[in-house]
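Q: So that we are looking at the same thing, I have put the structure below in structure tokens.
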Amino acid sequence: MSKIAIFPGSFDPFTKGHEDIVRRSLPLFDKVIIAIGNNAQKNRYFEIDYIIPKIESCFEKTDNVEVKVFKGLTAEFAKESGAQFLIRGLRNTTDFEYENSISQANKYLWKDLETVFMITSPHLAYISSSLIRDIHKYDGDVSGFLPYKI
């Protein structure tokens, strides 16, 4: 049986920190699905159709990474995708507190789904999508935070 993992998020935008988590997870899994959650109630800064090719360009030489969009529960998407693992990056203890409770809820929804926590690389730990959106909104240079040009 292949080890398939999903790395879910809004990825608004997909950062160098996200890319680092995916690349570091590749030796652990046969396939990693970057799962972009499409929440109709959440106003995105960058449109999903704009972000998908940007993310795909980061992994164009990697054959075991896919980018998919999903609606609904992450645990259900994992099950539908045949994924047994869910990857989450942790920058700090605040992230852990939040992600731990989400992990427990996902386990309740699907008992076979295991969450794998990966500590963010120290040089990227300060990067967040919301920080990038704030800087970009005021025409600041965000090139050092993103693995692609916007």
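Note that Cβ sites are derived from N, Cα and C of the backbone, with glycine treated the same way.
Relevant sequence annotations retrieved from Swiss-Prot are reproduced here:
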BINDING   SER10, PHE11, HIS18, GLY89, LEU90, ARG91, GLU99, LEU124, ALA125, TYR126, ILE127, SER128, SER129, SER130  ATP binding site
BINDING   SER10, LYS42, THR74, ARG88  substrate binding site
SITE      HIS18  site 'Transition state stabilizer'
Q: Nearest to SER10 (ATP binding site) in three-dimensional space, by Cα, is which of the binding-site residues LYS42, THR74, ARG88?
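A: Of all the candidates listed, LYS42 is nearest in space.
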Q: CA-CA, which of the binding-site residues HIS18, GLU99, ALA125, ILE127 lies nearest THR74 (substrate binding site)?
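A: Given the candidates HIS18, GLU99, ALA125, ILE127, the nearest one is GLU99.
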Q: Just to be sure I understand the packing, how many Cβ atoms besides its own are within 10 Å of the Cβ of THR74 (substrate binding site)?
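A: Excluding its own Cβ, the number within 10 Å is 21.
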Q: Could you tell me the C-alpha distance between GLU99 (ATP binding site) and ARG88 (substrate binding site) in angstrom, no decimals?
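A: So the Cα of ARG88 (substrate binding site) lies 7 Å away from that of GLU99 (ATP binding site).
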Q: Rank the binding-site residues HIS18, LYS42, ARG88 by the number of other Cβ atoms within 10 Å of each Cβ and report the first-ranked residue.
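A: Ranked by Cβ atoms within 10 Å, first place goes to HIS18.
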Q: LEU90, ALA125, ILE127: which of these binding-site residues has the sparsest Cβ neighbourhood within 10 Å?
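A: Each of the binding-site residues LEU90, ALA125, ILE127 was scored; lowest Cβ tally within 10 Å is ALA125.
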Q: List the residues of the same chain that sit at least 6 positions away from SER129 (ATP binding site) in sequence and have their Cβ under 8 Å from its Cβ, in sequence order, or write 'none'.
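A: Non-local contacts for SER129 (ATP binding site): SER10, PHE11, ASP12, PRO13, THR15.
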Q: Please report the distance from the Cα of ALA125 (ATP binding site) to the Cα of LYS42 (substrate binding site), rounded to the nearest angstrom.
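A: If we compare the Cα positions of ALA125 (ATP binding site) and LYS42 (substrate binding site), the gap is 25 Å.
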Q: Determine, to the nearest whole angstrom, how far the Cα atom of LEU90 (ATP binding site) is from the Cα atom of LYS42 (substrate binding site).
A: 22
Q: Using a 10 Å radius around its CB, how many other CB atoms surround GLU99 (ATP binding site)?
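A: By my count, 16.
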Q: Which number gives the other C-beta atoms within 10 angstroms of the C-beta of SER10 (ATP binding site), all protein chains shown included?
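A: Result for SER10 (ATP binding site): 17 neighbouring Cβ atoms inside 10 Å.
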Q: Can you grab the distance from LYS42 (substrate binding site) over to ILE127 (ATP binding site)? Cα atoms, rounded to a whole Å.
A: 21
Q: Where ILE127 (ATP binding site) and ARG88 (substrate binding site) are concerned, what is their Cα separation in Å, rounded?
A: 15
